Amino acid sequence: MNKSYNKLSLSIGRWVLFSIVVSITLGFAFYTNHAWEDWYMTFRASKNLAMGNGLVFTPGEHLHTFTSPLGTLIPALLSYWVGPTNDELVLWLFRIISASLLGFSAMLLLRCARKSVQYALPVFMVVAVLALDAKIIDYSINGMETAFMVFFLSLLIYALTVPLHNPVYWLALAIAGLMWSRPDSFVYIGSVMIGIFLFNPQSRLARSRAEWLSYFVRAGLWGLVLYLPWVVCAWCYYGTPVPNTITAKGLGYFDALALAKEFILFPVTSLFSINSLQLTFGPAYMSFGGWNLLIPLFSKLLTFVGISYWMLPFARRAVRPWSFAAYLAHFYLSYVLPTAEPWYIPSVTVLCTWALALEFNHFIDWVCQKRPTFIPAIKSITVTVIGFQLIVLVCVAYQMRVQQQLIETTNRKSIGLWLNENAKSGSTVYLECLGYIGFYSNMKMYDFPGLSSKEVVEARKTLKSNDLNKLVPYLKPDYLVLRPVDQINTSLKEQYVQVKRFDVSSLVDSYPFLPGRGYLQFDQTFTVYKRKISIDQVLTLK
């Protein structure tokens, strides 16, 4: 009777947690209504598929302009279901799916924590920190694939932590799900597997490196079988399985020797240089200003503890793999990628938070045995970490509410609608902000760095330059949409004339309290330029 009651209580507790996480996530969505730039970039391809134009950004061009298969195909299915005139409903349905995935992720991690730690505080911390993380919530409701990444990473941890029937298949499902969510997920999968293989934690799954390797190979092969259909389809449809988004962002020089040097020095440079560590628990785009300096400092110190534990001589064998996995993932974001974009961070946040929970459990165990007088300090640490997450979440919610109203709707959406109404059919546009403007203008985009445009990628390769003053004369777009920081030279000024200015700077300045103000100021002003008609073109028209 007691066992049945306990099982019922645990089941109710898990579903209460699910409800809380979903409520927080959807509450953030209702308050901010934030829809990210990349949502509209991806959704343009999704909607084209739903309307029968193919899974492409520009009909007729078979270019792989999105990164996440799941983040594109699911909105396409939703758009087909509700019809082409209900774009807002598609986004809300996608938000509900994402919020539910975060709820299920919390349930999985709760089960993992109860299995792996002895004390209640680490269990509470791992669930609360992730449930209140601003970037996880924001990039789950604004149209990105973040919730899918968080869910399948949680399933990966679950498959490696909790005794399961047929664990190989659960791990294979996690691997395949991660790859379907983002094709660079092999980095996070590999980081976890390398950590476990190196430190060889004892488990019911395996007791030697050979057993771990066998387990990973079998799960990896099954995961490949589940992911292979997408690779084959993409290869046949686009001519390559590699998204053009990765090709465009990856143009540049790769110095293997310098990378090896940075890897050796990372235990030191991770703490004393600007890298992805300060982003783990901090808000997005802090570098633009408008945030208290204690926020990136706290995030960096907390992350450093999480990724450095594996180097300590007294570190527990079962905890080291997760700390090392977070370490490798942060090195990848800091030095391998050209830029650690904020929507890449939540995956590492999950790994780092799980490592911190296990480390915190070790610390509590030591305190209880050696320094019981420190127990109140442990409670204070827990409250501080969770309080930090809550404060950042509230500030980001307010920031993104204003950002959506002023920058996305009043500025970028308006630019797209203006181009749609005023530009001739078949006109081309050079810009960096592809999402809203590209979707609402429905025009051919020459975006930098070339996420939707093979012409821009080829121009950058040919000219060996990212300078718009070289790219624009080469591409000859009909319109330019530029920020004030995009300085054009005298030659371009002779070829283009300013036709419209979109400026919400006075509205941004009108908010006396605005966390992360610098991020909004960066996008508060855009100028639209139109290409002048030359004498030869006039004669041709006549």
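These residue numbers are counts, starting from 1, taken along the chain as shown.
Heads up, the Cβ atoms here are built off N, Cα and C, so glycines get one too.
Quick look at what TrEMBL lists:
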- 12-31: transmembrane segment (TRANSMEM)
- 89-110: transmembrane segment (TRANSMEM)
- 117-137: transmembrane segment (TRANSMEM)
- 149-173: transmembrane segment (TRANSMEM)
- 185-203: transmembrane segment (TRANSMEM)
- 215-238: transmembrane segment (TRANSMEM)
- 250-273: transmembrane segment (TRANSMEM)
- 293-312: transmembrane segment (TRANSMEM)
- 319-337: transmembrane segment (TRANSMEM)
- 381-400: transmembrane segment (TRANSMEM)
Same-chain residues near the transmembrane segment (250-273), Cβ under 8 Å, at least 6 residues beyond its ends: 300, 304, 307-308, 311, 327, 330-331, 334-336, 338, 449, 457, 460-461
Other parts of the chain folded back onto the transmembrane segment (215-238), taken as Cβ under 8 Å at six or more residues beyond its ends: 55, 62-64, 69, 159, 167-169, 171-176, 179-180, 193, 196-197, 205-206
Cβ contacts the transmembrane segment (319-337)/the transmembrane segment (12-31), at least three under 8 Å, sequence gap 6 or more: no
Stretch of maximal Cβ-Cβ contact with the transmembrane segment (381-400) [cut-off: under 8 Å; candidates 12-31, 89-110, 185-203]: 12-31
Chain residues outside the transmembrane segment (89-110) and at least six past its termini with a C-beta under 8 angstroms from it: 13-15, 17-19, 21-22, 25-26, 29, 35, 39, 43, 74-75, 78-79, 82, 123, 126-127, 130-131, 136-137, 140-141, 143, 146-148, 150-151, 153-155, 157-158, 354
